[in-house]
Every structure is written in structure tokens, then in C-alpha cells.
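Novice: This is the structure I want to talk about, given as C-alpha cells.
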Amino acid sequence: MYGIECTTILTFLISLILLNYILQLLTRIMDFIIYRFLFIIVFLSPFLKAQNYGINLPISGSMDTAYVNSTQENIFLTSTLCLYYPTEAATQIDDSSWKDTISQLFLTKGWPAGSVYLKEYTDITSFSIDPQLYCDYNVVLMKYDEALQLDMSELADLILNEWLCNPMDITLYYYQQTDEANKWISMGSSCTIKVCPLNTQTLGIGCLTTNVATFEEVATSEKLVIKDVVDGVDHKVECTTTTCTIRNCKKLGPRENVAIIQVGGSDILDITADPTTAPQIARMMRINWKKWWQVFYTVVDYINQIVQVMSKRSRSLDSAAFYYRI
């Protein structure tokens, strides 16, 4: 009995000694590897050059990250500002150096040379096809035109909000909208949209799926169409695909690095009437004007206040879309 107990104790002690030896050996090996690795890094670092590559997020993407400190003072020192204006403005001003003048005026407000870009567009309808909002902050000057109220409203809805879109193959599939945030957006030189709602047996409601002439025409020869149909109902869609593209889109929320300044007009376009705009708030500003020089002077004068209520390349579901009016 005594011999068995001694053997057990000796076996336990030998195991402890062996385990301790193994742990010490592993520690020395790890120290050797780590120190050698650090030595190689330190030795080679003066001879290596590396670049940190980031992800280039699209302007229409839903992955934009909010900048917490975007409202701090002097944010324009490291930011870019795009000011979009119609061709009419440059025609009326008729001065070959007017852009240089505007740049110098922006400099007095703290925007350094090279940070402000003046971009011209022909008209609202052509601008709506491809806005190209590339800057950290984008301000669009949009002159009020009573005949283009619907186009102005749709353009505002398009660029003041984030959209997640997928192409639609209308030749093969039926489509339905799931909720109020789900819209069909068409863009092109000429978009004519016709729809035929279907019942549960995929038969047309008030139309024949085999006869496009019986479809309901919801848009005719437009450049931008944001179309809303009855939710939860399949539709057969007909579109002039040769001159127009159509996408199934979901409104994600306001795009806070874009502002629209409505120039003139007795009416103010209210895009907050759309139930998908939450909360139901709009920020507006208004002044009297007669010349485009007055418009640009006002924009320069108020630019820092405008930018302070925007967010640099961000999207927030807790803030409203920004719509300004001169």
C-alpha cells in the first residue's frame, strides 16, 4: 500500500515538472518568434512604402457613415462644396470671370481656393437623369417654373433621399411594391410607363396582359419618373426600354449632404407631404431677388449656416430632408 502511494506521488511530481518544462520551452519559442518578427519589421520599415486603400462608396449607396463632428466649426477647411446652377444663370451674368469672383467671395467665408466647384446644368429635366453629386456638400440652385412643378418635386425627392435600387426585367417578371418606401424609378431621354394590375390568378384588372394598349399609362415622355402603385399587387409593366431604364427602389432615408435652394416662385414645393419622408419637417429660407448675381451673393452669405445643418456624406433616419428656398 505504501509503495502504491509513493508511486502515485512521484508520478504526479514528474508530470508537474514535465509540464513546467514544456510550458517554459513554448514560452521561449514564442518569445523567439515574436522578437524575430518585430526585429524584421523594424529593420525593413525604412525600406518599405505602403498605402492604405479605402472603400469608394457610391453616391447612391446605403453604406454611408455618419460623421459625428460634422457640425464643428471650420469643417469647410477639409471639405469640398459643389454648387449646381442652371445655364440661364451664366447666360444672364455674361461675365467670363464671374466664377473667379464667386470663388474669391467664398474665400472670405473660409472656403479655400479649390474647395468650391461651380457646376452648370442645362435644365431640370436633363439634370435629373444624372445629377452626379460628387462633393462632400452639394447645393443645387433650382429656379422655380410653374410648368415644371412635378419635375422639380420628383428631382427633389430623388436627390434629397438615399435610394437602394435594383434593375427590373419587365419582359420576364411581374413586379409589386411592398410598402410606401418602395418606388419604381425611371430615367432616360423619354420614359413612357404603362402598368396592368393583376389579380391572384395573374389576370389583368381592367386590362389585358397580352394587349399593351389596354394598360394604364402613368407617365408619358418624361425624363424622370418616380412611380407609386398599389402595394401588394402584382403589375405587368411596360416601359420604353430603348430610351429609358426602370429600377425597383427602396427609400432608405434623407441624404443629408444635399440641399436644394429654390430660386423664386410664389409657391414652395413641399416634399414632406410624402408619407415616406419622416419626420414631417422641412428647413426653408426665402429672400427676394431679381438677378442671378443676387442669388449667388445670398448663397455665399449663408453658405456656412446651410452647411452647418447638413452632414458630410451621411444619412440619418432621425433628420428631415433639407429643402431651401430663395
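Glycine is treated like the rest: Cβ placed from N, Cα and C.
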Novice: Same Ca(2+) 2 site as ASP228, VAL229, ASP231, ASP301 according to Swiss-Prot: which of GLN149, GLN177, GLN201, GLN262?
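Specialist: So the Ca(2+) 2 site in Swiss-Prot includes ASP228, VAL229, ASP231, ASP301 plus, from the candidates GLN149, GLN177, GLN201, GLN262, GLN177.
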Novice: Pick from CYS82, CYS165: which one does Swiss-Prot say forms the disulfide with CYS135?
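Specialist: The record-listed partner cysteine is CYS82.
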Novice: If you look at what Swiss-Prot says, which of CYS6, CYS249 makes a disulfide link with CYS165?
Specialist: CYS249
Novice: With DSSP assignments reduced to helix, strand and coil, which class does THR214 (Ca(2+) 1 binding site) get?
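Specialist: For THR214 (Ca(2+) 1 binding site) - judged by DSSP and reduced to three states - the answer is helix.
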Novice: Please list, in sequence order, the residues in the chain of THR214 (Ca(2+) 1 binding site) that are at least six apart in sequence and whose C-beta is under 8 Å away from its C-beta.
Specialist: CYS196, GLY204, GLY206, CYS207, LEU208
Novice: Please name which of the recorded positions listed here, CYS82, CYS135, CYS165, GLU216, CYS244, is nearest in space to VAL229 (Ca(2+) 2 binding site), Cα against Cα.
Specialist: GLU216
Novice: Across all the protein chains here, work out how many other Cβ atoms are within 10 Å of the Cβ of CYS191 (disulfide bond).
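Specialist: So the number of other Cβ atoms within 10 Å of CYS191 (disulfide bond) is 24.
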Novice: Write down the Cα-Cα distance for GLN177 (Ca(2+) 2 binding site) and CYS165 (disulfide bond), rounded and given in Å.
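Specialist: For CYS165 (disulfide bond) versus GLN177 (Ca(2+) 2 binding site), the Cα atoms are 13 Å apart.
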